[in-house]
Amino acid sequence: MSTWANLGLQDSASPLMEQLIFFHDHALLILVMITVLVGYLMFMLFFNSYVNRFLLHGQLIEMIWTILPAIILLFIAMPSLRLLYLLDEINEPSITLKSIGHQWYWSYEYSDFNNIEFDSYMIPTNELANDGFRLLDVDNRIILPMNSQIRILVTAADVIHSWTVPALGVKVDGTPGRLNQTNFFINRPGLFYGQCSEICGANHSFMPIVIESVPVNYFIKWISNSVNS
């Protein structure tokens, strides 16, 4: 989750988020190099005493500043396209989770099991435990196994919502009448926080998402207890 004075992205908890962070750093490095080069050229232009009154055109320099940006854009576009295809790929999921956005809470259904569904509301500040996170903790967490391919189906019951968990690199719009899907793979246990990322009304800020990633054997026990109860 985000912490105070954190200038970077959240620590990744999935392979896709690691790839997104690598691409961010790759693009940022190129932007810094361009900024330094342009700044240096502007500095040299403003603070030198050389004047060429007879310079009308320069085919060489024009060719350079046309071809060089095209090459730079290719270095950005190729990894970006690779990531787009990776993010859109569904790899034989072990578990399917369905998320339904409401004003202003989330409903969840475990489609592979019978009668496992619940609503997830934000815990109000006056009911929050001393070790809880304000505006982020919920009464019912999503329990998911680590090291398993997970598919999530997202829709909405009223207005457009967006199911977002930054540490997993997941952001899926929930649109009424439409079922969107994506997949993710959690590679470590822990709690991962997210929020609705589409303005959906007065209480848009009070729709947190909490995923609890656990080992597979603990997940099976939780499923068994939920089915029996």
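Cβ coordinates are placed from backbone N, Cα and C, and glycine is handled just like the others.
Among the features that Swiss-Prot reports, topological domain 'Mitochondrial intermembrane' is placed at 1-26, 83-229, with the record citing sequence analysis. Taken from Swiss-Prot, the feature transmembrane segment covers 27-48, 63-82. As annotated by Swiss-Prot, topological domain 'Mitochondrial matrix' applies to 49-62, with the evidence given as sequence analysis. Swiss-Prot lists H161, C196, C200, M207 with the feature Cu cation A1 binding site, giving similarity to another entry as the kind of evidence. The Cu cation A2 binding site feature in Swiss-Prot is assigned to C196, E198, C200, H204. Summarising the annotation, Swiss-Prot assigns Mg(2+) binding site to E198 and lists similarity to another entry as the type of evidence.
For the binding-site residues shown (H161, H204), fewest C-beta neighbours within 10 angstroms: H204. Taken together, the residues in the topological domain 'Mitochondrial matrix' (49-62) have a mean pLDDT of 77 on the 0 to 100 scale.
Mapped onto DSSP helix, strand and coil, the topological domain 'Mitochondrial intermembrane' (83-229) counts 27 helix, 63 strand, 57 coil. For the topological domain 'Mitochondrial intermembrane' (1-26), DSSP puts the residue distribution at 12 helix, 0 strand, 14 coil. Broken down by DSSP into helix, strand and coil, the topological domain 'Mitochondrial matrix' (49-62) contains 4 helix, 0 strand, 10 coil. Just so you know, the Cβ of M207 (Cu cation A1 binding site) picks up 27 other Cβ atoms within 10 Å once every protein chain is counted.
The residues near the Cu cation A2 site, meaning same-chain residues not in C196, E198, C200, H204 whose C-beta sits within 8 angstroms of the mean position of the site's C-beta atoms, are G101, W104, V159, I160, H161, S162, S197, I199, G201, M207, in sequence order.
Long-range Cβ proximity for C196 (Cu cation A1 binding site), meaning a same-chain Cβ under 8 A and a gap of 6 or more residues, is found for G101, W104, H161, S162, W163, T164, H204, M207, I209. For E198 (Cu cation A2 binding site), the number of other Cβ atoms no farther than 10 Å from its own Cβ, over all displayed protein chains, is 18. Nonlocal intrachain contacts for the topological domain 'Mitochondrial intermembrane' (1-26), taken as residues 6+ away from its ends with a CB within less than 8 angstroms of a stretch CB, comprise 76, 79-80, 83, 86-87, 133, 136, 166-170, 184-188, 190-193, 213.
Its own atom aside, the Cβ of C200 (Cu cation A1 binding site) has 21 Cβ atoms within 10 angstroms in the protein chains shown. Sequence-ordered, the extra residues of this chain that approach the Cu cation A1 site, with Cβ no more than 8 Å from the Cβ center of H161, C196, C200, M207, are G101, Q103, W104, W106, S162, G174, Q195, S197, E198, G201, H204.
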